[in-house]
């Protein structure tokens, strides 16, 4: 066997596979080696997690852990592009890991098909060098942040909603804030909108997820030009992005401050007043006497007399599908319009006794009933339990679910 007459900084197979990124200034061989020696944890195998995992796997990350207990559904596919139609019903974390291995068999994948919570997060996170928050709920964001601080792990956090996305790196460097530094208290749960309610375009999560992968590569390569201490805001509608500087680490922060009060994971559902998931919770804001189920409303609308049905959904949802008798008056309009204008829009008069109110899933319709009772007290407003989703499930399975 002939002796080598050259000095190689990287193996022949890696040089061939990763040649285009090896040629990039400030990344090169050292960056590739560092990336190969890095273990990255992705929390959330959805719209953000798919591009993060795909690009990091293709780039040659050493170990890729994926946390997600959910299963692939048809309404995921427009934005969660790692999955295919024949995978509907299968595990997201396993499906995404399989996709990474198909593209790059040299990557070690670890599947955590569990619901992340205070009891298991420390044990899972301790084996990773960088964490990517690709989730869509506030409680999990605080949990991920706190555990990253407690274990001294840099956190790459992304989010996307409708046309917009944002991205930052937390807890990376002495002056870099953590998420809790900026948001010491969680928002009111009723003010939080996720993509299940507000929607999102696939290219938005694709853009933000790709940029999360880029931040991971920069951190792994030990570059100083990360988004630590900065927040990138992306406006997909206008095709614009801007970066703002965040305030420095708060010495009084409850988890990363000089005298932290949080030294272990807490009860984040209690802290945030909301569940650690992106599912829509069914609210109960009204007495049963002012609510009807979809079967009862079906009987009512079968009667000969005219029905008054108020649909509180935004115009984009009303356009997807609605019952023919529905009158579109949004929840915001129920708040802002005066009684006279509401009466005019509804077409009601002094002889009208009942108006039924419907929305997507039965939450906004309850809020609307409470508002309308204050403005038009002579009319009996009744909420339809479960909204159009319940209608589609129990009355007409041809009604478009979304």
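Cβ coordinates are placed from backbone N, Cα and C, and glycine is handled just like the others.
Mapped onto three states, the DSSP output places residue 77 (ATP binding site) in coil. Look at Swiss-Prot and you will find 47, 68, 75, 76, 77, 78, 79, 92, 136, 137 tagged as ATP binding site, backed by sequence analysis.
In sequence order, 145, 148, 149, 155, 170, 171, 249, 253, 255, 256 constitute the residues six or more apart from residue 178 (Zn(2+) binding site) in its chain with CB-CB distances below 8 Å. Positions annotated as Zn(2+) binding site by Swiss-Prot: 178, 181, 253, 256.
Counting every protein chain shown, the Cβ of residue 195 (active site, glycyl thioester intermediate) has 19 other Cβ atoms within 10 Å. DSSP classifies residue 195 (active site, glycyl thioester intermediate) as helix under the three-state reduction. Residues or ranges marked as active site, glycyl thioester intermediate by Swiss-Prot on the basis of sequence analysis: 195.
Taken together, the residues of the domain 'Rhodanese' (303-400) have an average pLDDT of 92. According to Swiss-Prot, the feature domain 'Rhodanese' maps to 303-400, an assignment based on sequence analysis.
For 359, the entry in Swiss-Prot reads active site, cysteine persulfide intermediate, with the evidence type sequence analysis. Within 10 Å of the C-beta of residue 359 (active site, cysteine persulfide intermediate) we count 25 further C-beta atoms, all protein chains included. DSSP assigns residue 359 (active site, cysteine persulfide intermediate) to coil in the three-state reduction, placing it in neither a helix nor a strand.
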Provide the number of Cβ atoms within 10 Å of the Cβ of residue 75 (ATP binding site), excluding the reference atom itself.
12
Could you break down the residues of the domain 'Rhodanese' (303-400) into DSSP helix, strand and coil, giving a count for each?
40 helix, 16 strand, 42 coil
How many whole Å apart are the CA atoms of residue 195 (active site, glycyl thioester intermediate) and residue 77 (ATP binding site)?
14
Which one, from the binding-site residues 77, 181, 253, 256, has the smallest tally of other C-beta atoms lying within 10 Å of its C-beta?
77
Applying the rule Cβ within 8 Å of the centroid of the Cβ atoms of 178, 181, 253, 256, what extra residues of the same chain belong around the Zn(2+) site?
145, 149, 170, 171, 177, 179, 180, 182, 249, 250, 254, 255, 257
Looking only at C-alpha atoms, tell me how far residue 77 (ATP binding site) is from residue 181 (Zn(2+) binding site), rounded to the nearest Å.
35
Which of the recorded positions 47, 75, 79, 136, 359 has its Cα nearest to the Cα of residue 181 (Zn(2+) binding site)?
136
